[in-house]
Amino acid sequence: IYCIWLLILLFFFVLFFFFVFFLWHDVFADFSMEEFLKVRDYVSKIPGMNISIDPFSPPSTDYLYLIDLSLPKKGDILHYLDANGPKPVREATAVVFHGTTGNIKEYVVGPLPNPMYHRDVTFERYKTEIPLTASPLRLWDYIALDLFIRSALIPVRRLLNESFGPHVTSDPTFYNGLPSGVKSGERQTWISICRKVEGSYIHQVGFEMLIDHRSTAVLRWRVIKVVYNGQYFNSIQDLKKQYEAGTVSKIIFKPVQNHASLKPKEKPTGMGPQQFYTQGKRYSVKNNHVIYLDWSFAFGLSPLAGMRVFDVRFRGERIIYELSVQEAMSVYGSATPNLMLTKFLDASIGIGRFAYELVRGVDCPYLATYIDTFHFLDTGIPRLLRNSICVFEHDMGRPLRRHFSESNFLTYGGVANSALVFRTITSIGNYDYTWDFIFYQSGSVEAKVYATGYIVSSFTVNGSFLYGHQVAENVTGNIHTHFLNFKVDLDVLGECSREHIKFVNVSVPWMPERYAMVPQLVEKQLKTEQEAALRYDTKTPRYLHIASNQTNRWGHQRSYRLQVTSFAGDHLPESEPEERAMSWARYKVAITKHKDSEQASGSLYNQNNIWAPAVDFSKYIEDNESIENEDLVAWVTTGFLHIPHSEDIPNTVTVGNAGGVLLRPHNYFDEEPSIHSPDAVYISLGTEQSCDNNRVACLARETCSPVFEPFTYNGFEGVTSGET
């Protein structure tokens, strides 16, 4: 009977555990295919509206562009998770491009799974109307541009053939810069003609066109400028006339090998080391929730901003409410027009939508857990992104901590630095970004990004080398910045403070006549948002904390430290009209009071209405609210300056092209958390072969292990200590 009662109690414990850690977290879950379809069908049948779901519908129609999760208010979620309050209503955001009225609307649709209502929240969210010209370029736009370009080039087929060869003449491809224009309301896009080969981004041929495509009627589109071999012309006909008259400096075609091909030049013969799990995986993934040793969190993948995690807990205590990617931005320099004004805001294009399938053994370890995701962005139907997220435990190849002692006692103590990695890789046009959230056994969390992929190049003309280096025949690799923004909503109600060091001239107590310069701790509390907005061109404090009002065992405020790694270049001057759309990049770190109305540092519309952005992050700072005893959010900007060089051909490598932020406990715990780690190793004199405090000593005996050499340790031999 006693055993039966134990089994019943165990059953209910497992049931409760499943409910708490898996079912509760569906408030953060991305939509399933069924939910996407329910929202799509509801929106397409709203009475009085004729909303198309066809990606090929022209821009003159009303078109359902995006469906995404509409997160409930933070207070409602916490009341549900922490106080057994009512479950927040599950709702969607539906973005409709209203071609019939020339504007864009955002609707909240709910409740799911069976929508019954919708409401327009555009003005509530942005305090302004959104013009249709702020919309991203759709699939329809790119198809129409391709057809328009082919038609526009017909009069100069002779020039194309003589300058670039038959392949460009018969089947040109193009690359466009953004934003489309130089002021609000414009849709004027520079395009560069490229060779249609692998890695066309570094196969510019020296022919660019400025196309005015603001009209919803393609027949009213027109070419308003042409650049050929660095020379400007007012139209295709103008170029044709001068070319045939022989008054143009010509490009003479010669075959070019594909320096952009990623096919190995030597046949691959090797196989690098592979990771395996001796006793099975120590993490679990269920629905949208992950548990790993002392860690647990919910996750999602926004089609716009990308990777995000919620309700991050360590030993059951919430450390982070939200950690998410916000934006990836690049500003280019060039002597040629396409890149000269290019400023990419990738979240407006969609970061998460480009999270394609990860390759086992290359993008992630072979035995990682792979997760499918869905999105509905300019697709008409939910799109499956198979194996677009991977989760794996990873040995970092160095100890998390260790010490060998030869005085008083002969001991060795250490912990292998094994951590959980949550990863996705997004291929946004030419660049591939690897996004990692790493969970360490020390209670630290790291958000990191690595860049690889193709550089964007320009055809070499006079003045090109003021903006980059030659990287291939007639190819200039153009200088550009990478700025990347993370949102860190630490669940630590309290204050923000900074600590640093100063040297103080103090009298030596036992020799009062003697003075010494001694380092001293200096701490300052940051009391307002403007005080806690640390600009990129100022010295960043080495210790920046978000501290709670609680104290640890030793009376110090429990806090987490933000440690930023960045090699970013200069930010675009604030005098430039486009800067407000990327004003978050003014700050290495900005600490603001949490508001449900300040969800993101950018928006879907900032790219193409960059001069009057729907979200101007600097306004979050302007009101200069108090951040004392408040729920605080850190907006962290990292990045690197990229001056392309010959080793960027064919691809940029991830080594050295990275940035991130590390969230480290600072007096948050009473001791270093990994002292409780199951990976800890402790060896004392006489226990070198014992498995009691050293599971590595028994690794060769594991039935699922490869053949290992027997464990040996001779570190104490020949060492004299007080113990011996």
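Each residue's number is its place along the chain shown, starting with 1.
From the backbone N, Cα and C atoms, a Cβ is placed for every residue, glycine too.
TrEMBL entries are annotated by machine, without manual review.
According to TrEMBL, the protein has these features:
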ACT_SITE  ASP346  active site, proton acceptor
ACT_SITE  TYR431  active site, schiff-base intermediate with substrate
DOMAIN    63-117  domain 'Copper amine oxidase N2-terminal'
DOMAIN    179-230  domain 'Copper amine oxidase N3-terminal'
MOD_RES   TYR431  2',4',5'-topaquinone
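TYR431 (active site, schiff-base intermediate with substrate): 23 other CB atoms within 10 A of its CB, across all protein chains. Here the domain 'Copper amine oxidase N3-terminal' (179-230) is broken down by DSSP into helix, strand and coil counts: 6 helix, 23 strand, 23 coil. The Cβ of the residue listed as 'active site, proton acceptor' has 25 neighbouring Cβ atoms from other residues within 10 Å, across all protein chains displayed.
Note: the Cα of ASP346 (active site, proton acceptor) and the Cα of TYR431 (active site, schiff-base intermediate with substrate) are spaced 10 Å from each other.
DSSP labels the residues of the domain 'Copper amine oxidase N2-terminal' (63-117) in these numbers: 10 helix, 25 strand, 20 coil. Mean predicted confidence for the domain 'Copper amine oxidase N3-terminal' (179-230): the pLDDT average there is 96.
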